[in-house]
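Here is what TrEMBL records for this protein:
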DOMAIN    5-149  domain 'MoaB/Mog'
């Protein structure tokens, strides 16, 4: 089964007018946390159908974790949450809440994020912001939760003691 995928969602990166520093930074964090995993990369424009098509393909290929980077704000082209909701079977709202709560003390506008997280089959999809700092800080906020989440999704049943 493939490992993880980092998908950057950005018109400018897709058009090669901007370097994808956020997606690169997220991929590096994933490599450090899971050095033995394969990390796929994707890049699509801020278009709901393009996002949905790639997410569907990655889920079909049984990636365990897909981290999207970008398109979670209030702008008219920010459609990543809508595309994600079309793909997922069940939301995992606690992850998005943890990202907002974990970053809002340092950056109050974190509360404006529309990021979602959810499951399609055995694939966990998490939306991260498009800025390098926002993406890495949000991932850092949920990183301690992801190994257990992925274990449970894969059929594990052990719950750590509180």
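The backbone N, Cα and C atoms fix where each Cβ goes, glycine too.
Keep in mind it's a predicted model, so treat the numbers as computed, not measured.
Using DSSP to sort the residues of the domain 'MoaB/Mog' (5-149) gives these counts of helix, strand and coil: 70 helix, 28 strand, 47 coil. Looking just at the domain 'MoaB/Mog' (5-149), the mean pLDDT is 96.
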